[in-house]
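According to TrEMBL, the protein carries these features:
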- 20-44: transmembrane segment (TRANSMEM)
- 34-296: domain 'G-protein coupled receptors family 1 profile' (DOMAIN)
- 94-113: transmembrane segment (TRANSMEM)
- 134-159: transmembrane segment (TRANSMEM)
- 196-215: transmembrane segment (TRANSMEM)
- 236-256: transmembrane segment (TRANSMEM)
- 276-295: transmembrane segment (TRANSMEM)
């Protein structure tokens, strides 16, 4: 490759990084503001957290908020500079640990919520018993966060590594963690169990839920009201669609890479598909607004009260002094 081709390639990378920087930044700012607004809403309406589905949703929102507010700025900072800064092994270790933990925790939580929605729709009475509520609802959600944290603490932080493998010219330091570079078995298992499996569970659980709802409605012949169950099913499909959009392209590319070791496919994933994963944390608060009618009413009421406050006309008291006569 001659020098002119290299310069064109560098220019294209600069333009691509600049485009990603502005897109991610423009999406991040309103997203973080909405997260804070939603947390304020739940803080003022704590009675809503008595329902298991809202507790699970709040935990999912918290994980994605951390990714949008604490992890995504690292990526935005990289696209602004075009390089990793600070270019140190400690920073790359921390960045990849934080990225992997939050991303996989979000996946596992969504997979767990997809399974639990079957219980909420068809066997809600089980969760009325405290021990079963802790066993079937609280414990799986806790494991959905604890497992990725402990896993990547071992694979990224504790795994023996000299720190010379990082690529400071690529996003996330080139994903050059030692366990990925030195062990193809660990790399394959990590992808299959911690990325592929949760997405597969989300797809299967959502498809099964839709089929079960349709079959049960036909069998019941409208004998029971299904408005609430129908709404919970639609809510799950809406939030799951965000994961489909973000993860399915990356999953397909990963499968292709397992079959065909192609640098071209890897470049496409790194340049165009990898950043789709951030859509989950960026779109989550917008999806939450659609899922919670109480939240929409509260936000509209807040907006109307702010508008009415601005439109209040304050009377101005003017004191008229008597004119002096000569």
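Just so you know, the numbers here start at 1 and follow the chain as drawn.
Backbone N, Cα and C define each Cβ position, glycine as well.
All TrEMBL annotations are machine predictions without curation.
Highest Cβ contact count with the transmembrane segment (94-113) among the listed stretches 20-44, 134-159, 196-215, 236-256, 276-295 falls to 134-159 (criterion: pairs under 8 Å). Under 8 Å from some Cβ of the transmembrane segment (196-215) lie the Cβ atoms of residues 104, 107-108, 110-111, 114-115, 117-118, 121-122, 226, 229-230, 233, 236-237, 240, 243-244, 247-248, 251, 254, all in the same chain and six or more residues away from its ends.
Tertiary proximity for the transmembrane segment (276-295) is limited to same-chain residues at least six positions away from its ends with a CB under 8 Å from its CB atoms, namely 24, 27-28, 31, 34-35, 37-38, 41, 45, 48, 54, 57, 60-61, 64-65, 67-68, 72, 75, 103, 106, 235, 238-239, 242-243, 245-247, 249-250.
Tertiary neighbourhood of the transmembrane segment (236-256): same-chain residues 107, 110, 113-114, 117, 191, 195-196, 199, 202-203, 206, 209-210, 262, 265, 268-269, 273-274, 276-280, 283-284, 287-288, 290-291, selected by CB-CB distance under 8 Å and a gap of 6+ residues from either end.
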